[in-house]
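Participant: Dropping a structure here in structure tokens format, bear with me for questions.
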Amino acid sequence: MSDLGESPSSSPPAPPADTAPPPETPSENSALPPVDSSPPSPPADSSSTPPLSEPSTPPPDSQLPPLPSILPPLTDSPPPPSDSSPPVDSTPSPPPPTSNESPSPPEDSETPPAPPNESNDNNPPPSQDLQSPPPSSPSPNVGPTNPESPPLQSPPAPPASDPTNSPPASPLDPTNPPPIQPSGPATSPPANPNAPPSPFPTVPPKTPSSGPVVSPSLTSPSKGTPTPNQGNGDGGGGGGGYQGKTMVGMAVAGFAIMALIGVVFLVRRKKKRNIDSYNHSQYLPHPNFSVKSDGFLYGQDPGKGYSSGPNGSMYNNSQQQQSSMGNSYGTAGGGYPHHQMQSSGTPDSAILGSGQTHFSYEELAEITQGFARKNILGEGGFGCVYKGTLQDGKVVAVKQLKAGSGQGDREFKAEVEIISRVHHRHLVSLVGYCISDQHRLLIYEYVSNQTLEHHLHGKGLPVLEWSKRVRIAIGSAKGLAYLHEDCHPKIIHRDIKSANILLDDEYEAQVADFGLARLNDTTQTHVSTRVMGTFGYLAPEYASSGKLTDRSDVFSFGVVLLELVTGRKPVDQTQPLGEESLVEWARPLLLKAIETGDLSELIDTRLEKRYVEHEVFRMIETAAACVRHSGPKRPRMVQVVRALDCDGDSGDISNGIKIGQSTTYDSGQYNEDIMKFRKMAFGGDNSVESGLYSGNYSAKSSSDFSGNESETRPFNNRRF
């Protein structure tokens, strides 16, 4: 202990020894490790070392206060005194290299260790040394021993006891932060003693640059890190582990976000698909029902009798003396659906034509003179047709649906939607419409020359010339072809007959009665809840099953062609038994005329040979193809138009099938089907509206078609 006291006192005279200690330190450092392990050896060396460190320290006494001030916080971990020695080892080497690298910093680094030594010298009692070691994390006993052991390890060890440990450790931290930050407290005494000379001399040059940084290195000892090697490994591993965890967390978060986005996308796509499928499915027709069935098919009023169309182109017995013009106007309609017209007010005039399209109920009452009975053109099961004159002088036909008729409302909606899309010179034109409370009215162009039925079968009228018959046939065929081919979706008329073919003054045909027309969506067939049509014009498959195609219209048009050729009615009660049906009577004669060219048995005798034979023959051939029992084997209306409206070869209207060689036609079965249809539709012997042949050929003026029995009697007789 006396030696320890002397060492501080002797330290002042040893300034010249500053040059010597650096070389001595490496040699002594090699022996240091064993000395560090054994505390007794340091005291012996301490006598020589203090003078070495002291000469350099005395000048920077002023720096002493700040260093001890920094040390107290570091006293948290005094237990590792032996650890402090390695930092001390690092301090001895710094002086020489620092002096070489940067004069000022090395001096600073050298000076700080000296003040503690001076403090130790000024305070011979080891208590101050004990205080200084705790910050440096050496044990209090090592304080005095450090002056001895550092000389063995390195002369400046005592000055670096605590303050020196902090400056060198701190410089080491900035230079090599990862290794030294945890190892700053010098938990590496064993490792450092093993190889202090070479690493530490190299480290000191780095220390001067970062010499001022003391707290970081000191903070590490406070953490009580183990050996410096372990500290270095922990520091690097800690940083790497933190970064690794961060990367893993980011990867997991990114994967979770991507998975969430994918799930959301799939869910939305599935919902959209379900919505799309629902939207499409709600417009698909029921296998036994049609999309627009409510708008086109309506129940009949037994009291009113059977009507060929929802608008009543056929009239009841009380109105049979009315002109057949009312029949044609009774069912033609147009415009927009009811809900669209209410929301938009009036439809586009481009669709309905120029001029006024929407009329008030008061306006229509005025133009029809208060819907006077004298202006009635006809009356059907669902309303009356009135003749009226607009303010501009244009004559129109106004159809008024019966108030409170739900069927009439549906009919109105169907008609206005269909006719609003149809514009053709051979189709009846829509002028406007009216919606007022419960009133639903449609305004059509007035066709002045009545109907084909009127001109063919009216008594007291001149015989319809053959040229006019050909013109009517071609015009009506073009109108139907437009409905079937040029309307999208196609429109099936469903009630083609001579009473629904209007004639203008030039005998140009205009097809009317779209009340029974139905939009044929994408399917080729529709099954109706009720079969509507006129006996004598119904296709066999339609009458029996309600199956509807455009070929059903072709069959009905074939019956009209037979009317034009023969001048006979579709059903004639005055004819011999088995010949009441025009189609049944004409089938064998058609085959014979085509095979032999003999037209005498088919042609209307009233024409008195005033016809063109090849035109008659062409019309006969076309009619025979149209009335085939097999629907698919009938021609399309486009083919019919080409066959009728060409002067040369009309092509193969028969589709390669000779007349009479199609599916065998059982007229008895057809009659049975018609009877079943009558019972299904009307439930008994309710009279059918006989306005079918209105005008001069009403039930009251002719025994022909006086009622339901007149049309069905041939079928009843046929069954027996």
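Sequential numbering from 1, following the chain as shown.
Backbone N, Cα and C atoms are what each Cβ position is placed from, and that goes for glycine too.
Residues or ranges marked as active site, proton acceptor by Swiss-Prot: D495. Annotation source Swiss-Prot lists ATP binding site at L377, G378, E379, G380, G381, F382, G383, C384, V385, K399, citing sequence analysis. Positions annotated as compositional bias 'Pro residues' by Swiss-Prot: 10-25, 52-84, 92-116, 123-138, 147-207. Taken from Swiss-Prot, the feature compositional bias 'Low complexity' applies to 26-35, 311-330. Per Swiss-Prot, the feature domain 'Protein kinase' maps to 371-624. Per Swiss-Prot, N-linked glycosylation site is recorded for N117, and the stated evidence type is sequence analysis. Taken from Swiss-Prot, the feature transmembrane segment covers 247-267, and the record attributes it to sequence analysis.
Help me understand the surroundings of these features in the structure.
Facilitator: The secondary structure of D495 (active site, proton acceptor), as reduced to three states from DSSP, is coil rather than helix or strand.
According to its DSSP assignment, V385 (ATP binding site) is in a strand.
The average pLDDT computed over the domain 'Protein kinase' (371-624) stands at 84.
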Participant: Here the binding-site residues are L377, V385; which one has the lowest number of other Cβ atoms no more than 10 Å from its Cβ?
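Facilitator: Least crowded of the binding-site residues L377, V385, by Cβ count within 10 Å, is L377.
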Participant: Give the distance between the Cα atoms of D495 (active site, proton acceptor) and E379 (ATP binding site), rounded to the nearest whole Å.
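Facilitator: Computed Cα spacing between D495 (active site, proton acceptor) and E379 (ATP binding site) is 17 Å.
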Participant: Please identify which of E379, D495 has the densest Cβ environment, defined as other Cβ atoms within 10 Å, among these recorded positions.
Facilitator: D495
Participant: Name the secondary structure element type, per DSSP in three states, that contains L377 (ATP binding site).
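Facilitator: The three-state answer is strand.
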